[in-house]
Amino acid sequence: MENAHTKTVEEVLGHFGVNESTGLSLEQVKKLKERWGSNELPAEEGKTLLELVIEQFEDLLVRILLLAACISFVLAWFEEGEETITAFVEPFVILLILVANAIVGVWQERNAENAIEALKEYEPEMGKVYRQDRKSVQRIKAKDIVPGDIVEIAVGDKVPADIRLTSIKSTTLRVDQSILTGESVSVIKHTDPVPDPRAVNQDKKNMLFSGTNIAAGKAMGVVVATGVNTEIGKIRDEMVATEQERTPLQQKLDEFGEQLSKVISLICIAVWIINIGHFNDPVHGGSWIRGAIYYFKIAVALAVAAIPEGLPAVITTCLALGTRRMAKKNAIVRSLPSVETLGCTSVICSDKTGTLTTNQMSVCRMFILDRVEGDSCSLNEFTITGSTYAPIGEVHKDDKPVKCHQYDGLVELATICALCNDSALDYNEAKGVYEKVGEATETALTCLVEKMNVFDTELKGLSKIERANACNSVIKQLMKKEFTLEFSRDRKSMSVYCTPNKPSRTSMSKMFVKGAPEGVIDRCTHIRVGSTKVPMTPGVKQKVMSVIREWGSGSDTLRCLALATHDNPLRREEMNLEDSANFIKYETNLTFVGCVGMLDPPRIEVASSVKLCRQAGIRVIMITGDNKGTAVAICRRIGIFGQDEDVTSKAFTGREFDELSPSAQRDACLNARCFARVEPSHKSKIVEFLQSFDEITAMTGDGVNDAPALKKSEIGIAMGSGTAVAKTASEMVLADDNFSTIVAAVEEGRAIYNNMKQFIRYLISSNVGEVVCIFLTAALGFPEALIPVQLLWVNLVTDGLPATALGFNPPDLDIMNKPPRNPKEPLISGWLFFRYLAIGCYVGAATVGAAAWWFIAADGGPRVSFYQLSHFLQCKDDNPDFEGVDCAIFESPYPMTMALSVLVTIEMCNALNSLSENQSLLRMPPWENIWLVGSICLSMSLHFLILYVEPLPLIFQITPLNLTQWLMVLKISLPVILMDETLKFVARNYLEPAILE
C-alpha cells in the first residue's frame, strides 16, 4: 500500500478489508500470498565457479599470453632433437602463471562475500498475528505474513514487515530504527496520520519498518508491505542494481593492456614481414614453410617479451603489503584494488554519528539559579569536560574547576539526574572502555552525576567496574524509586516517584521530573534558588527560556533537558497509573531546579583531520539523519564550516534537496558540505552526482540503509561497530569507527600509488628493452639473443623481486599537501614515455651489443665479421663468404648468456634509478629502501644460480661466464645509471619548474 503513513487507521484497515480484532480470513491470506509472495528477501544468484574462472581470462594481455602458450605448445610438439624437452618449458611456465593469476582472482571475488545475503540476518524468524481461524494471537513464520495481516509487537521483538500502527497498548512505543535511518536514539511512535506524502522515513512516526527493533512498549498494526516491497527490500533491490565500478588503477591497466596488445601485434607482424626474404635461407632446408614457422616463433618470443608477466603478482603483493600497514592504523581493507583508489579520493562523505562524533551523548553545559529578585535573575552556568561515557571530567565555572557539593542547586540537580533515570554505566573489560546500558540521553545524565560527585564520595582505590556507578549508588541509597510515570508525547516529560530510605519529619516523598524545557517550565510555579523556593515570575521564565533557546541554537545546538521536582505530590493510592492521559495532572505545580545541555560531541582528533583534508584538496561532506541545526553546529565545531560562515547553498536537508530541480541538485552537490535529515536514496543520489563531476568518493556508513551508497561509491567505508550488511557492501572497515583513520588510509593510498607508479614504469622499461632486443636481432639478421624461457625468468623472477621492493619506498614528506591526483592521469605521461623509451632502447641495444661483442670482438669468441653475423642463416660449408667459419658457432650459448647477464644487470641498475621519479641517487641513496638493496642481491644470486648450478644452464640454454666476460657485462650495463641521472636532471631543472609555473 502506497503512502500508508498519510492515511487514517480506518482507511488502512478498509483498504485491506480487515478487522483489527479478528484479522484476515484464511481465504484472504491465500489470495494475498499468491499476489505478493513470501515475506522474505530473495537470495541473489551468484556467479558459478566456471563463470568466475572464465572472467579471469577476459583481460587482453592474459589472452595474448594464452595464445602465445598455445602456439609455443604446438611448435614444441613438432620440435626435433635435443631441444624437445626445453621447448615444453616455455608454454608450461606461461600456463602456470595464468592459472596462478586466475586462482588469486577467483579467490578474491569469492572472498568479497555477498552483502545481499547479509541482509537476511535482519529478517525475523517469527511473527505474532491475529487471524480469523483462531481467537487469540498466534505465532507464525515471518515469511508467511502477508499485507493486511494484523500483527502484535512488543519490547524485544524484531519487526517482521513494514507495519502501519493501529493502536499502542502501552504508555509509549519506542523503536530502535538506527540500522535503517541512522538515528542515534530510539524513536517514539504514534498512530496519527502523517499528512505529508513525501515524508522521509524518520518522519513516518506511525510506521514500523521491517528489521528494526522494539525498544519499549507494545502495539498492534496492519502490515502494509512485505518482502522486497519493504524499505529494507528496496535497499536490497538498489544493491542488486548497483554494478561495481572498476577502480581507477584497474581502468588504467585495462587501457595499458589494450595499447600494449596493439603495439605487440604490430611489432610481431612487422618482424615476420621484415624476414619474409629469409624464409628460404639454407638453414631452414630451403623450405619456405619451415622458415615461416621459425620467424613465427620469434614473433611469439616478442609477445612474451613485451608482456610484463610479473606485473599482476607484483601489484597484488604491493597492495597486500599496503593493507597490512593500513590494518595497523585500524583500517581493514576488504578489496585489494581499493587500496590504490584511496589515494585519489577527492571527496569524503562522512556519517556524523559515531564517525565524526563519539556517539556517546555527553552533558557539556548546565545551569541553576543563583539569585532572583522580582523579574530579574542571574544564573550559575557551568561547563563539563570529557566527551565519552568514561566517568572522568571536571565541572568548571568561568573556566575554573568547582566543587559541586558547595552548590545546593547542583546537589538537587544531580539527585534528579540519578533517580529520574533507568540507565547505568558499564565497564567493558575486554575493550577497556565504559559503555552505556540503556538510553544514550539517560546515560549522559548518569555520567554527569559521576563527574559532579555532589556528596564528595571517596573514589580513589575503586576498580573501574566499581567506579562506573559509584556516585549514582550513593544517591540511590538515600531515596528509593517507587514507580515511574513513563514519557508520553503530549507532555514531553517523564517522572519518578521517590520516598526516602530513612523516613523522617523533614524528608518527604518527592516526584522528580525531566523533559523538554518548554513542556516542563510551563508546568513550573516555583524556582529553586539555593535551598529556597521562589515563585516563578514571567520575567524569570523568559530569561530562563532565552538561555535555553540560545543553547539549543547558535554554535552548539545542544539538546536541552529541564529538571524539576514536585515537593508535595499526591500519594500513590490517589493516582490512576493505568491511564497515561492523567500523568500530566500529577506533574503540575513543579519547582524548576535547573537545565542540562548535551550533545553527541565531536571526536577530539577530527578537527585536525578535517584540516589535513583541506590541505590535501579533499572536500569533507557530512551526511546525517539528524536535524540540520545539530549537523551545522557540529560542522562548525570540527572545521567543515567556519565559525561565522554563511551556510546558504552549502547545507541542505533531504527535503530541501528533493525540492530542487535536477540541475540545481547537481549544483548543490558541487558546493555542499552538509546534508541533514537524509534517507538512503539521498546518499546514493549524492554519490551519483559527485561521480558525474569525476570525483572519487569515499562514503562512510554503518547501517543497512547505507549499503547501496557504500556499494555505489568508489570507496565504501563501514564502521567496525556497524551492521554486517554495511561491512560486506564496503571496501574498507574502520576498526575504531574513527574519521581520522580514513585520512590516514588516504595518505597510505597516495604513497602506495606513487610506489606502484615507480615499479610499473620499472617493469615496462624492462619490457621495452626486451622488445627492442628481439626486434633488433630480427631486423639485423643476428642469431637469437634471448629466448622466451629466459624472458619469462627475467620478467617473473629477476625483475619481480626489485619491483616488489619498490613498494616499500618511503612516502614523500609533502604527500598530503598536494591535491588529489586526477584518476584520468595516465600512468606514463609524454616525458616519462620518452624517458622509458630512451632507457628501453639502451637496454635493447646493450643486450644485442653484448651478444654481438662475443661474436665479433671477444678473445674466446669466433671473431666473425659483421656481414657474417648478420647473414648467419646463409652459412654453409660451400659458401665462400663463410670460409673457415664453423656454422655451429652461431648456436653457441655464450652470446645468449652475455645478453641475459647484461639484461639482468641493467635491470638491477634500473631498479636503483626507480627509487625516486626525479631525485638523484646522490640525494636519495639506495639504503633509503633497504628492501630494494636486499632484493637486488637476491635477484643477482638467482641469476648466478641458473648460470652455475646444473641442470639449470641446460634448461635456460646458457653457460657460465669468466671474469673478462663479467667485466664486459658491467661496462655495458653501468652507463644506464648515468643516462637516467641526466634525464632526471633535465626533469628537475627544466620540466618540473615549467609545470609548476
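Backbone N, Cα and C define each Cβ position, glycine as well.
Keep in mind the model is a prediction, meaning the values are calculated, not measured.
When the candidates Glu656, Glu659, Glu907 are compared with the Ca(2+) 2 site entry in Swiss-Prot, which names Asn767, Glu770, Thr798, Asp799, the shared residue is Glu907. The membrane topology recorded in Swiss-Prot splits Ala785 and Asn817 across the two sides. The annotation in Swiss-Prot ties Asp351, Thr353 to Mg(2+), and of the candidates under consideration, Asp694, Asp702, Asp736, Asp812, the one tied to the same site is Asp702.
The record in Swiss-Prot pairs Cys875 in a disulfide bond with Cys887, which is drawn from Cys841, Cys887.
Residue counts of the topological domain 'Lumenal' (949-963) by helix, strand and coil are 6 helix, 0 strand, 9 coil (DSSP-based). Within the chain, the transmembrane segment (254-273) has long-range Cβ neighbours (under 8 A, six or more residues past its boundaries) at 59-61, 64, 246, 292, 295-296, 298-300, 302-303, 306-307, 771, 774-775, 778-779, 827. In the shown protein chains, 19 other C-beta atoms lie within 10 A of the C-beta of Ser580 (phosphoserine). Comparing CA positions across the modified residues Tyr294, Thr441, Ser661, Ser663, the one lying closest to Asp702 (Mg(2+) binding site) turns out to be Thr441. For the pair Tyr294 (3'-nitrotyrosine) and Ser580 (phosphoserine), the Cα-Cα distance reads 97 Å. Note on the transmembrane segment (757-776): residues 267, 270-271, 298, 301-302, 305-308, 310-311, 314-315, 318, 782, 784-786, 791, 794-795, 799, 802-804, 806-807, 809, 827-828, 832, 836-837, 839-845, 847-848, 899, 903, 906-907, 910-911, 914-917 of its chain, located 6 or more positions outside it, place their CB under 8 angstroms from a CB of the stretch.
Of the ranges 49-69, 296-313, 828-850, 897-916, 930-948, the one with the most Cβ pairs under 8 Å to the transmembrane segment (787-807) is 296-313. Spatially, by CA atoms, the recorded positions Asp351, Thr353, Thr441, Ser580 include one closest to Ser531 (phosphoserine), and that is Thr441. The Cβ of Thr441 (phosphothreonine) has 20 neighbouring Cβ atoms from other residues within 10 Å, across all protein chains displayed.
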